[in-house]
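Straight from Swiss-Prot, the features:
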type	residues	note
REGION	1-50	region 'Disordered'
MOD_RES	Ser29	phosphoserine
REPEAT	57-86	repeat 'ANK 1'
REPEAT	216-245	repeat 'ANK 4'
REGION	342-517	region 'Disordered'
MOD_RES	Thr445	phosphothreonine
REGION	556-579	region 'Disordered'
REGION	606-864	region 'Disordered'
MOD_RES	Thr646	phosphothreonine
MOD_RES	Thr808	phosphothreonine
MOD_RES	Ser839	phosphoserine
REGION	918-948	region 'Disordered'
MOD_RES	Ser947	phosphoserine
Amino acid sequence: MAELEHLGGKRAESARMRRAEQLRRWRGSLTEQEPAERRGAGRQPLTRRGSPRVRFEDGAVFLAACSSGDTDEVRKLLARGADINTVNVDGLTALHQACIDENLDMVKFLVENRANVNQQDNEGWTPLHAAASCGYLNIAEYFINHGASVGIVNSEGEVPSDLAEEPAMKDLLLEQVKKQGVDLEQSRKEEEQQMLQDARQWLNSGKIEDVRQARSGATALHVAAAKGYSEVLRLLIQAGYELNVQDYDGWTPLHAAAHWGVKEACSILAEALCDMDIRNKLGQTPFDVADEGLVEHLELLQKKQNVLRSEKETRNKLIESDLNSKIQSGFFKNKEKMLYEEETPKSQEMEEENKESSSSSSEEEEGEDEASESETEKEADKKPEAFVNHSNSESKSSITEQIPAPAQNTFSASSARRFSSGLFNKPEEPKDESPSSWRLGLRKTGSHNMLSEVANSREPIRDRGSSIYRSSSSPRISALLDNKDKERENKSYISSLAPRKLNSTSDIEEKENRESAVNLVRSGSYTRQLWRDEAKGNEIPQTIAPSTYVSTYLKRTPHKSQADTTAEKTADNVSSSTPLCVITNRPLPSTANGVTATPVLSITGTDSSVEAREKRRSYLTPVRDEEAESLRKARSRQARQTRRSTQGVTLTDLQEAERTFSRSRAERQAQEQPREKPTDTEGLEGSPEKHEPSAVPATEAGEGQQPWGRSLDEEPICHRLRCPAQPDKPTTPASPSTSRPSLYTSSHLLWTNRFSVPDSESSETTTNTTTAKEMDKNENEEADLDEQSSKRLSIRERRRPKERRRGTGINFWTKDEDETDGSEEVKETWHERLSRLESGGSNPTTSDSYGDRASARARREAREARLATLTSRVEEDSNRDYKKLYESALTENQKLKTKLQEAQLELADIKSKLEKVAQQKQEKTSDRSSVLEMEKRERRALERKMSEMEEEMKVLTELKSDNQRLKDENGALIRVISKLSK
């Protein structure tokens with residue numbers, strides 16, 4: 001007891017010492033030094049008892065009364081003017097609090113006194129949100145019955161049904177949503193849509209009329225950043241909203257986006273170069289208030305922002321330099337514009353002059369042709385040189401040349417000039433003045449080889465006047481190709497009716513069309529070089545200027561005699577006004593010297609055709625190998641020829657031959673003047689005359705000449721077909737050979753003029769007087785010729801397009817067909833005789849011509865014998881028993897079907913076995929997996945038990961230690977009690 005009293009005295013002493021220390025500190029404080037009046041002025045008035053009186057605001061008193069459920073006090077406060085919708089610091093009203101407290105009586109009392117059932121707190125929660133979250137079904141029903149909205153969203157974009165956890169509450173709210181027809185998605189996006197509309201309006205008006213929130217000072221940019229309205233954020237930034245605007249607490253939009261973890265909003269603000277180091281009133285940066293998972297993203301955005309800021313600075317410097325350069329270059333542009341305006345009247349005058357010269361040259365060519373190539377060059381040289389107006393703002397264009405064409409051409413020079421007049425301005429230049437260096441670079445040529453040729457030929461051209469180089473990409477090539485396709489269609493129709501011979505019309509046309517197509521594809525410089533080499537090889541002087549190297553509508557022959565020129569003019573007038581197939585049926589008028597245009601061409605036909613064939617061979621493109629098709633067609637053709645030739649020579653054939661021979665004799669008597677030597681000289685010089693435009697120069701006189709067979713075949717074909725006249729549709733040549741006068745001559749004139757010595761009527765009888773030796777020799781020659789012809793035939797058939805091939809079906813014999821075939825055979829014999837006369841020399845004798853006729857007859861008989869053997873083979877093939885073949889094939893097919901069915905059955909059996917094996921394997925694997933799963937579960941259960949046991953062991957050790965400690969304390973207390981008891 002004495003010890004306890006001693007301890008109590010010590011405690012009292014220490015308490016007195018602490019109190020004394022407090023008094024000492026009070027005496028030295030500033031409060032103790034203030035006057036007593038000031039200290040008492042700020043205190044509450046004293047009551048009677050002397051204690052101060054505390055006063056609360058009316059709103060706080062009202063909320064406290066509602067919370068306590070004192071309805072009488074609430075009525076008194078409402079009577080004194082208290083606001084029933086007053087809120088506390090969190091925005092909660094009395095209705096919110098009554099709903100949270102589940103006080104249905106107070107809820108009814110407040111609603112009856114006109115409390116707002118849709119009032120939202122600071123987080124956007126309405127009383128219905130609170131009731132749905134707490135699960136108070138009766139309060140929620142009461143709110144709904146009294147007009148509470150089920151579509152209001154809180155700050156998180158949640159409607160009351162999203163907060164409901166109990167199924168009954170969720171069903172109630174969803175049913176009400178359907179009943180009221182509320183679109184929840186639209187409700188969630190309503191705020192964003194409203195902000196989007198306002199942002200667009202501000203962007204269009206250029207004026208931002210935003211109102212800060214009264215409580216926090218937040219702006220629309222803060223709300224868009226915090227809620228992740230990316231589109232609204234972009235529009236506000238585009239409208240010029242201040243990126244670093246701060247609310248009342250100093251928070252920027254980046255603070256809000258970082259705090260609420262909106263990554264996209266942070267990226268948009270950072271890319272817009274907002275300040276990422278700005279601090280709020282508490283000294284916090286966006287990194288300090290950011291969500292933990294967003295800090296790294298903000299650091300990356302800061303690095304990216306530094307790069308963007310540096311790029312923007314360099315871009316601004318470049319823009320300033322560009323503006324300076326544009327200001328400096330404005331002066332030069334204005335000067336060049338003035339120069340351009342001065343040159344415009346000159347270009348208009350030059351266009352008018354070009355049109356006049358084009359029309360005059362076209363009319364002149366329709367009336368007559370030029371006498372030599374020099375006249376063509378002079379007219380071409382009279383045309384002004386074209387240049388392109390150059391300025392800094394216009395792209396350079398290549399110069400094109402317009403050359404007047406004949407009236408038949410669908411693409412005339414005047415239309416070409418109209419086409420190019422809108423694209424080019426052509427100021428007139430002095431003719432003796434060389435163009436400047438920068439204008440020379442605008443010339444367009446076929447290839448770089450053209451430049452050297454232009455440089456070499458510039459001096460002589462400048463003497464005659466400024467020349468125009470035609471562009472290799474001239475639009476006239478397309479017109480030429482179109483006309484060539486039309487002509488090919490007509491010729492293919494003719495060739496289908498003509499007899500199939502080695503040198504038939506269709507074959508020659510096929511070869512020449514292919515050659516012309518290849519030549520058209522080549523560039524201008526290549527063809528120009530080719531013509532130059534061939535001219536040197538023929539040793540004929542060439543005076544063609546480079547200005548007309550692709551002028552396919554103006555080529556004329558440079559070397560002609562006066563008589564040839566007259567014949568050319570006459571034939572040209574006829575060809576320009578009469579269609580091709582009509583001209584073929586009439587002889588041309590004679591010239592002043594009595595020489596027709598027909599024998600002029602008949603001298604060098606065969607030799608030139610051989611030479612042309614040898615030269616053309618290198619220009620043909622490789623073709624596909626269709627050996628099977630060619631063999632089939634050759635076999636069918638031989639069968640048809642066998643059917644024709646085995647009939648023998650009929651009376652109709654003999655009558656036709658007599659009529660032809662008598663007609664030729666009468667014409668030969670009408671032309672009694674000997675023309676052998678003039679024919680030779682004129683044929684060498686004037687044969688390359690062109691009555692239609694051609695792409696081949698004049699130096700290839702004999703090269704493009706076609707064989708006799710072409711003219712001989714075309715004459716009877718045109719007689720039979722009676723080609724309609726087409727004056728409105730000109731025939732443009734596709735190859736050199738189609739532009740030769742051989743198309744305009746009559747076949748009987750051709751072979752009549754071959755014979756310089758008149759034949760006697762005994763030519764019919766001498767045909768049958770050949771010897772056996774000559775027969776054998778001719779048969780050997782015929783075998784060689786047939787072998788060569790078969791090879792060429794297969795090559796020709798491989799080249800022929802499918803649309804031009806004849807049908808190979810069964811032919812039915814008719815009388816008309818037999819007569820036609822007979823006439824064709826007679827014409828073929830005449831063709832062979834003429835070719836022998838032609839190869840025999842320039843002065844053939846009558847006996848040689850008779851021998852050729854006999855040899856031709858012998859060859860024809862040998863051919864008939866060979867074809868007869870082929871026919872017998874075909875008949876043997878036709879005698880096969882196709883019924884047996886069909887039956888054997890049918891039985892074989894049936895056997896194969898049975899084998900196929902057996903194989904299918906075996907395959908199905910094997911598949912079923914494989915499926916069974918796979919199923920067994922799957923079952924085994926599933927059993928194994930189930931066993932393994934059970935083992936894993938048992939292992940996990942044992943591991944859990946072991947862990948629980950270990951925890952229990954730990955608790956047990958702790959309990960043991962606690963028990964030991966309690967025992968020790970108990971012993972100590974016992975000892976103390978024992979001492980005190982003493």
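Just so you know, glycine gets a Cβ as well, placed from its N, Cα and C.
A gap of 64 Å separates the Cα atoms of Ser29 (phosphoserine) and Ser947 (phosphoserine). Ser29 (phosphoserine): 9 other CB atoms within 10 A of its CB, across all protein chains. Outside the repeat 'ANK 4' (216-245) by six or more residues, the chain places 155, 157, 191-192, 195-196, 198-200, 202-203, 206, 208, 210, 251-254, 256-257, 259-260, 262, 264-265, 268-269, 272-275, 278 with a CB less than 8 A from a CB of the stretch.
Note on the repeat 'ANK 4' (216-245): mean pLDDT across this stretch is 94.
Neighbour density for Ser947 (phosphoserine): within 10 A of its CB lie 10 other CB atoms from the protein chains shown. In the three-state DSSP classification, Ser29 (phosphoserine) falls within coil. Mapped onto DSSP classes, the repeat 'ANK 1' (57-86) shows 20 helix, 0 strand, 10 coil.
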